[in-house]
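The next block holds one structure in the form of C-alpha cells; read it before the comments.
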Amino acid sequence: MSATPVRSTSSTATTIAAATAQIGNLNLVGHPQYDLNNLKFNPIREADVSREMTRRYMTDMIDHAETDVVIIGAGSAGLSCAWELSKNPKIQVTVIEQSVSPGGGAWLGGQLFSAMIVRKPAHHFLAEVGVPFDDCNENYVVVKHAALFTSTIMSKLLARPNVKLFNALAAEDLIVKNGRVAGVVTNWTLVTLHHDTQSCMDPNVIEAKVVVSSTGHDGPMGASGVKRLQKIGLVKEVPGMIALDMNAAEDGIVSHTREVVPGMVITGMEVAELDGVPRMGPTFGAMMLSGQKAAHCAMKSLGLPNLLDV
Ligand SMILES: Cc1cc2nc3c(=O)[nH]c(=O)nc-3n(C[C@H](O)[C@H](O)[C@H](O)COP(=O)(O)OP(=O)(O)OC[C@H]3O[C@@H](n4cnc5c(N)ncnc54)[C@H](O)[C@@H]3O)c2cc1C
C-alpha cells in the first residue's frame, strides 16, 4: 500500500487533503492517513479542551457585542440574507438562532417529504451557492433533498470570516432608541424557556446597526420580531398569513421584504405574518430571494452600495 499525504496550512485552518492509495487492484481515492486497525489519537489535556472552547466563544461574544447586522433566525431566509451580506468582508454578520439546530423549516419539503421545489428565477441563487438541482422545466427546479440546500449554504457561510452563528441563543426583545431598533436582547434558549419557573434570569444584549428579523411564520417562537414590534407600538397590527396561494405568496413575500421600522428589516415567512400575505406551502425560492433582498435593505440602511438603489 502506498499513500501520499498532502498538507496545506492557512491562517484559519489546517487541512489534510485526501491521498490516493493502491491496494492490490483497488485504487482508493480519499484513503485515510491513519491505520484503522491500530488507531491512536494524539494526546490532549481536558483543561485545554475547555480553554479552547471557552476562549473562542467568549472572544466571539466580545467581538459581536457591537455588530453591523444581527440576523434573528437561521432558517432559509436568514441564511440567504447572511450569505448575501457576508459577500462584503467589511460587514460583520451575527446570526442568532434559538434552536440547537440551525436551518429552520428547510430541512424537509412539504409533509415531511425530501424534495425542495424552487421556482425560477431563484435557481440562480442555488447555482451561486453551489446546490445541484434538476432543471425540470421552464418554471421550476427541484433539489433532491431540502437538506442539500441547507447544509451547503450553511457550510460555506459559516466558513466566512465575517460571520458568526450563535445557536441555542434566543432573541427575547429588541433594543430601541429614539424610534430606531438598535440591537437585540438575548438569552440562552434554555433560560428563555424557563422564565416562568425561575426568576431573575437577566438577559444579555447585542447592539447592531441593523437588525434583520427572519423568525418564520407563527409558532412557538415564530414571528417573534413582528409580534414584539406590535407590542411596543412600532407596528399597528400583525394580521397573520392568509390562505395558501403559491403564486401570489412568493412574489408577495419578496416585494414586501423591507425595512419595516428604522433599523429593522423583516424577511421570509415573517413578512407574511406582518402583511397578511398568503401562505405558500413548501416552495422555498421566495425565502432565498427575500433573504437576499433583506441583505440589500440592510446595506441601504447602513449607507452602503446596494442593489435597491441601482
Ligand atoms: C413541514 C413544513 C411545513 C411548512 N408549512 C408552511 C406553511 O404553512 N406556510 C408556508 O408558507 N410555508 C410553509 N413551509 C415552508 C417553509 O417552512 C417556509 O417557507 C420556510 O421554512 C420559512 O423560512 P423562514 O426562513 O422564513 O423561517 P424558518 O425556516 O421557520 O426559520 C425561522 C428560524 O428562526 C428561529 N427563531 C424564531 N424565533 C427566534 C428567536 N426569537 N430568536 C432566535 N431564533 C428564532 C427558528 O428557530 C427558525 O430556525 C413549510 C415547510 C415545511 C418543511
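Here the Cβ of each residue, glycine as well, is placed from N, Cα and C on the backbone.
Positions annotated as substrate binding site by TrEMBL: A77, E97, Q98, G105, A171, D202, H217, M269, R279, M280, G281. Annotation source TrEMBL lists 2,3-didehydroalanine (Cys) at C200.
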- Would you kindly give the Cα-Cα distance separating the residue listed as '2,3-didehydroalanine (Cys)' and A171 (substrate binding site), rounded to the nearest Å? 17
- Note on the structure: Distance filter, Cβ under 6 Å of ligand 1; input recorded positions A77, A171, C200; output A77, A171
- Item | Distance in Å spanning the most remote Cα pair of A77, E97, Q98, G105, A171, D202, H217, M269, R279, M280, G281, given for substrate | 38
- Item | Where A77 (substrate binding site) sits in the secondary structure, as DSSP reduces it to three classes | helix
- Item | From binding-site residues A77, R279, G281, the one whose Cα lies nearest the residue listed as '2,3-didehydroalanine (Cys)' | A77
- Which of A77, A171, C200 has the fewest nearby Cβ atoms, counting only those within 10 Å, among these recorded positions? C200
- Listed in sequence order, the residues of the same chain lying six or more positions from Q98 (substrate binding site) whose CB sits under 8 Å from its CB are G73, A168, L169, A170, A171, T189, T192, M221
- Message: For a quick check of packing: other C-beta atoms within 10 Å of the C-beta of H217 (substrate binding site), how many?
- Response: 18
- Determine the Cβ neighbour count for G281 (substrate binding site): the number of other Cβ atoms within 10 Å of its Cβ. 13
- Where does R279 (substrate binding site) sit in the DSSP three-state scheme? coil
- Within 10 A of the CB of R279 (substrate binding site), the number of other CB atoms across every chain shown is 16
